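As written in Swiss-Prot, here are the features:
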TOPO_DOM  1-8  topological domain 'Cytoplasmic'
TRANSMEM  9-29  transmembrane segment
TOPO_DOM  30-456  topological domain 'Lumenal'
CARBOHYD  N138  N-linked glycosylation site
CARBOHYD  N196  N-linked glycosylation site
CARBOHYD  N201  N-linked glycosylation site
CARBOHYD  N285  N-linked glycosylation site
CARBOHYD  N311  N-linked glycosylation site
TOPO_DOM  478-487  topological domain 'Cytoplasmic'
TRANSMEM  488-508  transmembrane segment
TRANSMEM  511-531  transmembrane segment
TOPO_DOM  532-558  topological domain 'Cytoplasmic'
TRANSMEM  559-579  transmembrane segment
TOPO_DOM  580-598  topological domain 'Lumenal'
TRANSMEM  599-619  transmembrane segment
TRANSMEM  621-641  transmembrane segment
TOPO_DOM  642-653  topological domain 'Lumenal'
TRANSMEM  654-674  transmembrane segment
TOPO_DOM  675-686  topological domain 'Cytoplasmic'
TRANSMEM  687-707  transmembrane segment
TOPO_DOM  708-718  topological domain 'Lumenal'
TRANSMEM  719-739  transmembrane segment
TOPO_DOM  740-773  topological domain 'Cytoplasmic'
TOPO_DOM  795-815  topological domain 'Lumenal'
TRANSMEM  816-836  transmembrane segment
TOPO_DOM  837-845  topological domain 'Cytoplasmic'
TRANSMEM  846-866  transmembrane segment
TOPO_DOM  867-882  topological domain 'Lumenal'
TRANSMEM  883-903  transmembrane segment
TOPO_DOM  904-919  topological domain 'Cytoplasmic'
Amino acid sequence: MWSRHRLYFIVAGVLFHLFYLWSIFDIYFVSPLVHGMKQHQSTDEAPAKRLFLIVGDGLRADTTFDKILHPVTGEHDYLAPYIRDLVRNEATYGVSHTRMPTESRPGHVAMIAGFYEDVSAVTKGWQENPVDFDSFFNQSKHTYSFGSPDILPMFKDGATPNKVDAWMYGHEFEDFTQSSIELDAFVFRHIYELFNNTKSNKTLETEIKQDGNVFFLHLLGCDTAGHSYRPYSAEYYDNVKYIDKEVKLLVEKVHEFFDDEDTAFIFTADHGMSAFGSHGDGHPNNTRTPLVAWGAGINKPVKNQAPIFDNYTENWNLADIKRNDVNQADIASLMSYLIGANYPVNSVGELPLNFIDAPEDKKLNALFNNAKAILEQYLVKEQEIIASQFVYKEYEAFVEIPYQEYLQQIESLIERIAKGENELEPDAIKLTEELMKVTLDGLAYLTTYNWRFIRTIVTLGFLGWIVYSFSIFLRLFILNRDYNSHKSLLNYFIFGSLTIILNYVLYYQKAPFNYYMYLFFPLIFWSEIFTDRVVLDDGVKEFLKGISIPKRIILVSAIILVYESIVYAFFDRWIFSLIFNMLSFYPLICGYRDWKRNTLWFITGAAISVFTLLDAVKIESLTQINIASGLIVLTALSGFLHLRKQLNSYTTTVFICQILLVILMVLATNKSIVSLQNRTGLPRDAQVAGWVILVVSLLLMPLIHYMKPNNNYKVRMLIIFLTFAPTFIILTISFESFFYLVFSAYIVQWIEIESKLKEQTPNTSHYKQLIRVTIIGFFLLQNAFFGTGNVASISSFSLDSVYRLMPIFDPFPMGALLVIKLIIPYIILSAGLGILNLKLHIKDYTISTLIISTSDILSLNFFYLLKTEGSWLDIGITISNYCLAILSSLFMLILEIVAHVVLKNVQLSKPVIASKKTN
């Protein structure tokens, strides 16, 4: 049973890491969402009567404009000739730059509401979470939307009642193994049906033909094809060609139906697609999307005075046409202007004047209204901050030049322009754009106003956890006497006063609930540290007993060096390979001279070092899967033969069943992969077999074993290894199963080497070996993830393996399967650490507890390495670094419980062999 202190440690650790995992989103990536602003109309005279927004989900800018070699037909041609023809003759075009996360919800919110949701928005789901702020659709007369059930409902349900109509297909349509074109065909088919229905419904015709309407076509086909077959596949290219053909037909039908030229068209995408069929991170292939606008109110293409070439667009053959890039949120302002609607009150988009066909004074007025709408947000946000601060420091830029002065100068210029001083128009536009930029910077200033205060709290929380958890480690595993700690009156006074004062500050600042939790943990931790300072002092002395001061300095320096090296390894995985090769000499350095075992350790270390040199983003390889699976089976059989004297008939039967499950899973995986690669869909029998084997191997087989468990630690490790092998195989894309095999072998060899070193070392009063084991264990904890991936690929997992079980899109179950695959190496490591506790004759969980108490050194590093500026790829990597560091600690806490179960009653001595006869 766990002691009271250990139970508190586990519960506090889990809660602490869960809340602090979220802290970066509350501190660094908070959207400046405010309510209560008044509306600002974009323009008095709408250039267009209606607008069509066509969004190709997952469509890359380069694919839209490049000349492409089709992988099947061999044709070398443009995929979207009609769109290109518009760019050359009718439209204004550019690249729309999205922000991270490059997912569908944030992308659509940016272009339709003009608002960048915070990074955590990707966790909000889809139709279950309608947007809780104003949008362009909400400002339209009426919006008719067609497409995916993942996107349409969040704008329909979040808008004014009866403002948005939606025609959606069912989720069963989103089958990654079927033709993605059918998803887009549904959209075009239903909008044409809507037009046809007006022939027998005059009320509908009147409604559809009223000014200010919006038609939203969400085309999911490219995203589906990209996920299934990659953006360089025939399926993806054919989907782009289909969209181009249908857009041409749509334009013809729209002109025919409305019988005028007063329609504006916007063609764009919510995000791009990586070369490996994923999106979510800040890679340029994910953040660069096409933007083509034509029709009423839109400029014709502008010729460059001299062709402009760059590496990205060199194959577009559009160097003579001016390219006008925008930020994704700018699209909302453009669309609002085109139909004369109010700017969405939360929009931070800037009206892209290069797209507009209008006199300069009209452009200026529309831009000025845009600036006033953004300024309105700043003023409302500022009042919120003033009301929640004891002392308010005004935004520096508006101290130098007050916003009232900006408004007066711009209004004065507009009046002079109206009187005929047209030469002032460029100055007025420049000043208006400056006001918008300063205001947006001011919004960022207000959003981060309390950064220093809350970051100090979080820092004290991390430091408090590190010291508190280390004191728990000392109390439970180092000190051999009880301490009756009681809080003194001084403790109650100091921390009671701090609790009241700081909580009142948060209350006065109208802080969210999470902020109170960020404060709660450091107060609790430091109160306990202050109370148990004698435990900490005595424990450190005992822990380092027998180690001289110079050696202590060297030891601490070495620990810091290793941990900081791992910080750098998060950015460059090859550092893991370097450390593995250095560890190959670890037994020799420690005086272990078994050359056979040392040679095997050296070979295994060299093998495992290879994985962090391989590309973290993988391409499906059935050959690698089969070879690795064969090696897993051979390793299991070898282990079975080696341990056969330790097995009774019951355990032997369990082993045979587990090996058979591995073989059956290989067969099911092969059938699934071959069928999916041949574009014939997922065979039902292979899908059912995959699920059955996965459930049986993960749940049923462990239960069967624990009915009559074999308590030999080697047998138990082999049982655990085989338990997860089928799951790892079906979720493997290429070399991951190799890693699973080598990683498991490395841990087993490490256990044996450490136990031999323990036998060679006389009993001493210090804990050198424990420190060494903890450092290596912490290193392996990080490698459990980096062996098969990196932080830049966390949001870019290929879904190839998941299709073998779930061909129809369902993000949360798919994500759950990927998480299971991720945590399996952690479970293997946790079991290995548990066995090491036994082999080294130390208390259960000693090693893992010391790892947990030091691992947040990484978390604190990455908390301050977070970036909020620069490329979205860099920002995304820093977010992922922090999350992975926190989750590593959290995994160790949770997996302690798992290890407690899987290693129940494990013994180092040989078990009594039962009769070979069955009952």
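Just so you know, glycine gets a Cβ as well, placed from its N, Cα and C.
Averaged across the topological domain 'Cytoplasmic' (740-773), pLDDT in this predicted model comes to 85. Counting residues per DSSP class in helix, strand and coil order gives 6 helix, 0 strand, 6 coil for the topological domain 'Cytoplasmic' (675-686).
The stretch from 511-531, 559-579, 599-619, 687-707, 719-739 that makes the most Cβ contacts under 8 Å with the transmembrane segment (9-29) is 511-531. Long-range neighbours of the topological domain 'Cytoplasmic' (740-773) within the same chain, counting only residues 6 or more positions beyond its ends whose Cβ lies under 8 Å from a Cβ of the stretch, are 478, 542-547, 555, 559, 586-587, 590-592, 594, 597, 600-601, 604-605, 607-608, 611, 628, 631-632, 635, 717, 721, 724-725, 728, 780, 783-784, 787, 824-825, 828-829, 832, 835-836, 839-842, 846-847, 850. In terms of DSSP helix, strand and coil, the topological domain 'Cytoplasmic' (837-845) has 3 helix, 0 strand, 6 coil. Helix, strand and coil residue tallies for the topological domain 'Lumenal' (708-718), in that order: 6 helix, 1 strand, 4 coil [DSSP]. Ranking the glycosylation sites N138, N196, N201, N285, N311 by how many other Cβ atoms lie within 10 angstroms of each Cβ puts N311 at the bottom. When the glycosylation sites N196, N201, N311 are ranked by how far their Cα is from the Cα of N285 (N-linked glycosylation site), N311 comes first.
You'll find the Cα of N311 (N-linked glycosylation site) roughly 40 Å from the Cα of N138 (N-linked glycosylation site).
Here the CA atom of N138 (N-linked glycosylation site) lies 26 Å from the CA atom of N196 (N-linked glycosylation site). For the transmembrane segment (511-531), the list of distant contacts is 12, 16, 19-20, 22-23, 26, 450, 454, 457-458, 460-461, 463-465, 467-468, 471, 485-488, 491, 494-495, 498-499, 502-503: same-chain residues at least six beyond its ends, Cβ to Cβ under 8 Å. The recorded stretches the transmembrane segment (599-619) and the transmembrane segment (719-739) share 3+ CB pairs below 8 A when only pairs 6 or more apart in sequence are counted, and are therefore in contact.
Long-range neighbours of the transmembrane segment (883-903) within the same chain, counting only residues 6 or more positions beyond its ends whose Cβ lies under 8 Å from a Cβ of the stretch, are 10, 13-14, 17-18, 20-21, 570, 702, 713, 716, 720, 781-782, 785, 791, 794, 823, 826-827, 829-831, 833-835, 844-845, 848, 851-852, 855-856, 858-859, 861-862. For the pair formed by N138 (N-linked glycosylation site) and N201 (N-linked glycosylation site), distance between Cα atoms is given as 25 Å, rounded to the nearest Å.
Between the transmembrane segment (559-579) and the listed ranges 654-674, 719-739, 816-836, 846-866, the one holding the most Cβ pairs under 8 Å is 846-866.
Listed by sequence, the residues of this chain that lie at least six past the ends of the transmembrane segment (846-866) yet keep a Cβ under 8 A from its Cβ atoms are 9, 13, 20, 23-24, 28, 455, 458-459, 462-463, 465-466, 469-470, 472-473, 476-477, 559, 563-564, 566-567, 570, 770-771, 773-774, 777-778, 781-782, 830, 833-834, 836-837, 878-879, 881-882, 885-886, 888-889, 892-893, 896, 899. Packing against the topological domain 'Lumenal' (580-598) from elsewhere in the chain are residues 605-606, 608-609, 612, 749, 752-753, 756-757, 760, 772, 776, 779, 783: each is 6 or more residues past its ends and has a CB under 8 Å from a CB in it.
Using a Cβ-Cβ cut-off under 8 Å and counting only residues 6 or more beyond its ends in the same chain, the topological domain 'Cytoplasmic' (675-686) has close neighbours at 177-178, 235, 620, 622, 668, 800, 803-804, 807. Residues of the same chain lying 6 or more positions beyond the ends of the topological domain 'Lumenal' (708-718) and with a Cβ under 8 Å from any Cβ of it are 636, 639-640, 643, 646-648, 650-651, 655, 744, 748, 831-832, 835, 838-839, 902-908, 910-911.
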